[in-house]
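Chemist: Once you've had a glance at the structure underneath, I'll fire off some questions.
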Amino acid sequence: PPPGRAPVPPDGGWGWAVVFGAFVSIGFAYAFPKGLAIFFKEIQDFFGTSYSEVAWISSIVLATTYGAGPISSILVNRYGSRPVVMFGGLLCGVGMISAAFCTSILQLYICVGFITGFGLALNLQPSVIIIGKYFLKRRPIANGLAMAGSPVMLCTLAPLNQFLFDNFGWRGSFLILGAILLNCCVAGALFRPIGPATASAKNQDALKGKVTEDAVEMSSSTNVPTENKTEEEGEKDCCEKINQYLDFSLFKHRGFLIYLIGNVLMFLGFFAPIVFLAPYAKHTGIDEYSAAFLLSILAIVDMVARPATGIIANSKWVRPRIQYFFSFAIAFNGTCHLLCPLASNYTGLVVYSSFFGLAFGMVCAMLFETLMDLVGAARFTSAVGLVTIAECCTILLGPPIGGTLIDTFGDYKYMFIKCGAVMVLAGTFLFIMNYYNYRVLAKEEKERKAKEEDPKSVRTENEGRNNWNRDTTQVGPELEPLREEQEEVKKEMNGT
């Protein structure tokens, strides 16, 4: 492809190896913090701390994984997905291995919470981003398959952690887990950079160099005093640099803002029910192993739900309306939680877990697909970074708020009702706002066409052309073929 234009996604071939790599690294990034809970009781006894102090380990890992999103995005924009994931895998391994030698809970916060959490953040985003580079037509399927890594890993990690713990204690387990996490480096090695992007970048750098040389020659020949400008230019340069890696103009993008608000709301009720499902089952008098089995049911249903959702979302009926499908999935999730307090016995909880697994899988499979659909693959890297840092706060707050409700009322039902209500609200908000957004976009498209067809003056035609160019750059490479056709038609018209 010509310099500066994104290569066409191959939609297969090596792309499936990339999906496998993403499956592994996304799986670790999501399932690992949840799987750690098995060691908490022992660590709590070992250091003689309260349960809430130990539970912060999971919270810090999750929050770091989401909060370091923008750093991850910047690194991917700068170095590409492969080295970032490999470095992330290395950090995860180092964090867990050093955690095996910790002598205080604070050191565990640093080693497990921050170092491993940061490593997982460097695993999560590049994996999601590279799928958008390798797939366009089959992207929802690829996303669904890669996101299935999370429940598969959760199913494997929970029993594995228990086995490791029984045989090697928590220190030995952390050493072995550190070694297992180094597999993320292998997954990252599969992320082969796509297309001759590097060559075009070199050309651009050479061009930039030449332009600056010319500028220097011109300024020296005219002898204009340039000293007083440098500070302002330096500031401007810095802002431009940040903007180059994290595109803040996305905050003017209507679709992106709608997605952001809806998701931040949704995450207030997204993780809490999973955290409190087993304790709730024990609270109603169910034994520990049966309570733990509820999470396995959830994960198994989730495992099937994600790829299935991907296939449905890719069908020609759903793909154009994927935003509505996503809002339905969130509202469906909320409805499950609202009905959960009605489940009084074990059978009821099994039914709830199955539906929850289905709803959870549906949301997770489309989480990034819907964002890619709104902002286009070109601006997706920045969008993911900005979204995850906003979500990080509500992800941290969700479970503690749920815990406070349980402590206050001594009953779990208010926590489920809170989560359900928040998610139904988020789903409804996304549905209504996306409907409004599509209406406005259609209206703008109509106006633009009317302007282009109106042959009164060349000025409006040029305006139309500029608008069209601006919009295609905003939407990303998805509209590239359309734009080329338009340009050819215009050339023909000019020729006549």
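Just so it is clear, glycine is given a Cβ too, placed from its N, Cα and C backbone atoms.
Sequence annotations record features per position, and here TrEMBL assigns transmembrane segment to 13-33, 54-75, 87-120, 141-160, 172-191, 256-277, 289-312, 324-344, 350-368, 380-402, 414-436. According to TrEMBL, the feature domain 'Major facilitator superfamily (MFS) profile' maps to 15-438. Annotation comment: TrEMBL describes 446-496 as region 'Disordered'. Residues or ranges marked as compositional bias 'Basic and acidic residues' by TrEMBL: 446-464, 480-496. Per TrEMBL, compositional bias 'Polar residues' is recorded for 465-475.
Could you place these features in context, so I can see how deep they sit and what lies close by?
Modeler: Averaged across the domain 'Major facilitator superfamily (MFS) profile' (15-438), the predicted model reaches a pLDDT of 78.
Here the transmembrane segment (54-75) has Cβ contacts under 8 Å with residues 29, 32-34, 36-37, 40, 43-44, 47, 84, 105, 108-109, 112-114, 116-118, 120-122, 124-126, 129, 245-246, 271, 381-382, 384-389, 391-392, 395-396, 399-400 of the same chain, all six or more residues outside its ends.
Residues of the same chain lying 6 or more positions beyond the ends of the transmembrane segment (87-120) and with a Cβ under 8 Å from any Cβ of it are 25, 28-29, 32-33, 36, 43, 47, 49, 53-54, 56-57, 60-65, 68, 126, 171-172, 174-175, 177-179, 181-188.
Beyond its flanks by at least six residues, the transmembrane segment (141-160) meets 15, 19, 22-32, 34-35, 38, 127-128, 131, 134-135, 292, 295-296, 299-300, 302-303, 306-311, 313-314, 357, 361, 364-369, 372 of its own chain at Cβ-Cβ distances under 8 Å.
With a threshold of 8 Å between CB atoms, the same-chain residues lying at least 6 positions outside the transmembrane segment (172-191) that come near it are 17-18, 20-22, 24-25, 28, 32, 39, 80-86, 88-90, 92-97, 99-100, 112, 116, 119, 123, 126-127, 130, 161, 164-165.
Listed as Cβ neighbours of the transmembrane segment (256-277) (distance under 8 Å, sequence separation of 6 or more from its ends, same chain) are residues 34, 62, 250, 291, 294-295, 298, 327, 330, 333-334, 337, 340, 353, 356, 360, 363, 367, 370-371, 374-375, 383, 386-387, 390-391, 393-395, 397-399, 401-403, 406, 412, 415-416, 418-423, 425-427, 429-430, 433-434, 437.
Remote same-chain residues near the transmembrane segment (350-368) are listed as 128, 140, 143-144, 147-148, 150-151, 263, 266, 270, 273-274, 277, 294-295, 297-310, 313, 322, 325-326, 329-330, 332-333, 336-337, 339-340, 343, 384 (criterion: CB distance under 8 Å, separation of at least six residues from the stretch ends).
Long-range contacts of the transmembrane segment (414-436) within the same chain, counting only residues at least 6 positions beyond its ends with a Cβ under 8 Å from a Cβ of the stretch, are 255, 258-259, 261-263, 265-266, 268-270, 272-273, 276, 280, 323-324, 326-341, 398, 401-403, 405-406, 408.
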Chemist: Who are the long-range neighbours of the transmembrane segment (289-312) in its own chain, taking Cβ under 8 Å and residues 6 or more past its ends?
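Modeler: Distant Cβ neighbours of the transmembrane segment (289-312) are 140-145, 147-148, 150-152, 154-155, 158, 274, 277-279, 281-282, 318, 325, 329, 346, 349-350, 353-354, 356-358, 360-362, 364-366, 369.
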Chemist: Apart from its near flanks, which chain residues at least 6 from the ends of the transmembrane segment (13-33) lie with a Cβ under 8 angstroms of it?
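Modeler: That would be 58, 61-62, 65, 85, 88-89, 92, 116-117, 120-121, 123-124, 126-128, 130-131, 134-135, 142, 145-154, 157, 181, 183-184, 186-192.
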